[in-house]
Amino acid sequence: MPVITLPDGSQRQFDRAVSPMDVALDIGPGLAKATIAGRVNGELVDASDLIENDAQLSIITAKDAEGIEIIRHSCAHLLGHAIKQLWPNTKMAIGPVIDNGFYYDVDLDHTLTQEDIDALEKRMHELAETNYDVIKKNVSWHEARETFVKRGENYKVSILDENISHDDKPGLYHHEEYVDMCRGPHVPNMRFCHHFKLMKIAGAYWRGDSNNKMLQRIYGTAWADKKALNAYLVRLEEAAKRDHRKIGKQLDLYHMQEEAPGMVFWHNDGWTIFRELETFVRSKLKEYQYQEVKGPFMMDRVLWEKTGHWDNYKDAMFTTSSENREYCIKPMNCPGHVQIFNQGLKSYRDLPLRMAEFGSCHRNEPSGALHGLMRVRGFTQDDAHIFCTEGQVRDEVNACIRMVYDMYSTFGFEKIVVKLSTRPEKRIGSDETWDRAEADLAVALEENNIPFEYQLGEGAFYGPKIEFTLYDCLDRAWQCGTVQLDFSLPQRLSASYVGEDNERQIPVMIHRAILGSIERFIGILTEEFAGFFPTWLAPVQVVVMNITDSQADYVKELTQKLQNAGIRVKADLRNEKIGFKIREHTLRRVPYMLVCGDKEVESGKVAVRTRRGKDLGSLDVNEVIEKLRLEIRSRSLQQLEV
């Protein structure tokens with residue numbers, strides 16, 4: 001007679017084993033109709049799974065994040081159902097949930113076209129609209145294998161042979177005549193799976209191994225209702241308009257080419273943005289009392305063997321040879337910073353020592369994963385490492401957190417999700433050390449009133465970490481900032497200081513990045529601002545233009561005055577209509593356009609327009625310059641009412 005405890009603390013007693021659906025029905029028919037699955041003692045289960053003992057139960061509906069994820073997973077099965085009806089010889093591989101959707105890898109004897117995808121989506125809708133029940137059966141490993149052997153599903157057989165224990169009872173989900181295998185849970189009925197869209201096709205190797213067959217990956221998105229689906233599609237459309245690759249070309253910021261895959265060719269305007277970001281970061285380094293250093297971009301392989309990078313990371317490292325020595329081009333900056341720390345005897349009085357670098361790093365990312373500025377092989381990190389005593393960790397982490405929020409707020413990022421990753425099973429250091437380290441990170445977050453969630457067991461083997469994920473205006477997540485404790489690297493590279501007891505001590509090392517890759521951060525900002533960079537970041541901040549040749553000297557004089565005030569300015573003296581010039585510079589997202597006609601020459605003023613089309617009228621030149629300098633100096637996100 002199980003007693004079921006609900007989230008509000010109320011209890012219901014039953015005289016038999018019950019499923020989450022039974023409990024929902026006992027509460028009311030409305031809840032039963034909305035039930036997708038259950039969470040029993042913290043574990044997600046199907047709505048039909050039986051609960052035999054006392055348990056805590058939460059009913060999962062489409063209002064829950066888990067409910068949406070289950071809908072997406074079931075839409076992957078729906079895709080399988082439809083594709084087997086259209087092309088019965090298709091072999092099904094894997095169909096997991098991903099952010100905002102799902103995919104299915106399929107082995108098909110022809111290359112899918114857009115017409116095929118349209119037909120597939122249509123068949124999926126036809127099937128879903130019959131609102132058939134999804135039937136789950138847990139069977140023996142042997143029965144599952146026999147089922148898929150009979151159906152010719154060699155990829156499912158391979159999964160059973162290589163990934164599932166013979167003692168397990170795999171879940172087989174029956175979608176009418178179609179059968180799929182999954183841990184689940186899945187929707188109990190296809191009425192939950194009406195709001196989806198197939199998005200694109202890509203290639204994917206079976207098990208991610210290029211030695212295996214290339215499969216076709218069909219991507220889709222699915223939501224709880226039509227409104228949410230349409231809102232997502234609108235966001236995608238907006239994201240396409242904001243694509244940094246498209247805007248980067250339009251604004252002549254950078255380019256990439258085949259001869260240097262994953263490496264950026266910065267053009268003048270893009271490099272201006274890059275240098276402005278460096279200047280901004282440097283101002284914060286000074287404020288938070290960091291040294292700035294510069295390490296070599298390659299070091300002997302022997303050093304990387306000492307650090308452990310060679311054993312764990314060599315596939316991602318570029319190497320070169322000279323005079324019978326092998327060198328690794330650095331994928332990260334930390335070993336170099338330890339070498340700088342090791343020069344000269346250090347005392348506890350020298351700590352904390354905060355060391356920052358705009359470190360040029362290279363990683364051998366797979367060519368298929370490269371994506372504009374977001375995923376590159378050559379990048380610059382705003383990297384820092386803090387060497388401190390165990391007793392200083394909390395204060396240093398506290399300062400790092402303040403610095404992270406200080407810098408992100410400058411760009412207008414307000415929604416930041418924070419996760420604290422704790423000790424994994426395989427780790428170095430004592431439990432006492434980990435207890436203190438994890439507590440230091442948690443307390444530092446709490447002292448800054450920052451809500452966070454734990455990622456249990458997700459820390460590195462050498463220490464716990466805090467991850468900062470910022471959300472942009474389209475609610476996309478970008479993991480940028482990290483504060484990572486490291487108990488290993490200083491020990492591996494013999495870093496030490498003399499403690500108060502005159503004994504040799506090993507410092508704690510804190511890895512700290514805020515923007516992460518500057519290249520990637522510029523990509524994020526380009527999409528966040530849709531190319532309308534705040535004035536302080538804009539490559540060209542002001543364009544001064546004449547209406548006729550008679551104002552040319554006045555334009556030159558005004559341009560020089562703006563340059564002398566430290567403003568990035570260009571003069572446009574072309575023999576073109578003023579409307580043409582304004583349109584062109586508006587498309588180039590120049591924050592301010594100053595127009596000079598005869599009236600402005602006579603009055604010593606200038607007509608001011610913003611890139612958003614706002615006419616601010618004819619204003620005193622010195623007032624305009626002072627207001628612009630204030631806007632730039634304060635790194636304002638808003639254009640001032642000059």
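From the backbone N, Cα and C atoms, a Cβ is placed for every residue, glycine too.
Database features, via Swiss-Prot:
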type	residues	note
BINDING	CYS334, HIS385, HIS511	Zn(2+) binding site
DOMAIN	1-61	domain 'TGS'
REGION	243-534	region 'Catalytic'
Lowest local Cβ density (other Cβ within 10 Å) among binding-site residues: HIS385, HIS511: HIS511
Cβ-Cβ neighbours of CYS334 (Zn(2+) binding site) (radius 10 Å): 24
Beyond the site residues CYS334, HIS385, HIS511: chain residues whose C-beta lies within 8 Å of the centroid, for Zn(2+): MET332, ASN333, HIS337, ASP383, ALA384, GLN484, ASP486, LEU489, MET509, ILE510, ARG512
Helix, strand and coil counts within the domain 'TGS' (1-61) (DSSP): 14 helix, 22 strand, 25 coil
